[in-house]
Amino acid sequence: MAGSSRQGLPPWIGVATATKRVELEKNNMVKDESLLKESSKSQITDVDLSFVERVFAAAGAAFISAIVVNPLDVAKTRLQAQAAGVPYDGLCQTSCSVTSTYMPSAHVHASQPTCSPDCTRYSGTLDVFYKVIRQEGLSRLWRGTNASLALAVPSVGIYMPLYDIFRNYMEELTSRNVPTLTPYVPLVAGSLSRSIACFTCYPIELARTRMQAFRHSQDGVKPPGVWKTLTGVVSPVKNPNKQACKGVATVQSYRILWTGLGAQLARDVPFSAVCWSSLEPLRRRILSKIGDEPSASGVLGANFCAGFVAGSLAAAATCPLDVARTRRQIEKDPTRALTITIRQTLVEIWRDGGMKGLFAGAGPRVARAGPSVGIVVSFYEVVKYALHNRQSKEMILDG
């Protein structure tokens, strides 16, 4: 006999309800187990790697990216520097045709270059490529590559491992205490890790921008490298005649190596925030469609596609801040370079060129950022994947 509460109901209803409850409990247990496996798998592939292994993966990714996208970086910097008033007519005469004109008063023939005004102006990315190759040589498209490598290897070597560490720690912390904040972890982790990497490696970034912006016009003389460029930045600020202020002068001279750091942070922190907050969900969605055990090619493809889209979106959104950073870095007046603010720089750009000035070099910047982020993230994750597989095989052999 069933209880009094069950009187008048068919017996199959109680059986069906109990069966349904058992099925729901089984489904929940299966879901919990799959989530546990998924999280443990991600922890094995990510957390168990040492900091040195992460740095190795990031440095290799940065090396490849810096070489591949450097011509686009040169084009972007030239267009932004031109908008700031940097002249590019130093080598024009060497590549233009020359006409001979007879001067009766002096009884001599004078050679005059027949240069059009367009010869000394860049109209776009392809025009920069054409004129740099024609006037300065193909190798000038890789001007500043040494500085790019010197910057990218330590910068990405700091940035990517710190992002992994901050993200893993914050995701674990928020999932336990405040689950609603977990989706915002990539945004915070990317911004924090980028700030640390930016401050640490900024003088090399300053040297690279100056090497790419200013054209070297002395034939037969090797263009200045990273060290010589930084020395040239510091030397105008030094004041050896005033011994009493020697300490202050030294501090001021080295402080100028961080000229434009505020503009750099104002560009890179929002860039990282936009990039990672869009990259992580896109990457996870692609990987979920591939399957539970993606191959190396699947990891490569998913990370490159996600990085390409996220990098392009972030580059387009932060282009005005990149223009302001470039203008701050190529400023040759030490006093003005140390006193002008980001807001004043943006107002000055708007006054000189309007919306076009704020988005000067946007084409090559977006074209550079997409593949650059895609290459760095995909190579980094593939190397991590390979290192994890090697560790797993070694554990199996040892066991």
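Numbers here mean position along the shown chain, with the first residue as 1.
Quick reminder: no glycine exception, Cβ is built from N, Cα and C everywhere.
The average per-residue pLDDT of the prediction over the repeat 'Solcar' (49-169) is 76, rounded to a whole number. Per TrEMBL, repeat 'Solcar' is recorded for 49-169 (among others).
Under the heading repeat 'Solcar', TrEMBL lists 181-285 (among others).
Per TrEMBL, the feature repeat 'Solcar' maps to 298-386 (among others). In terms of DSSP secondary structure, the repeat 'Solcar' (298-386) contains 79 helix, 0 strand, 10 coil.
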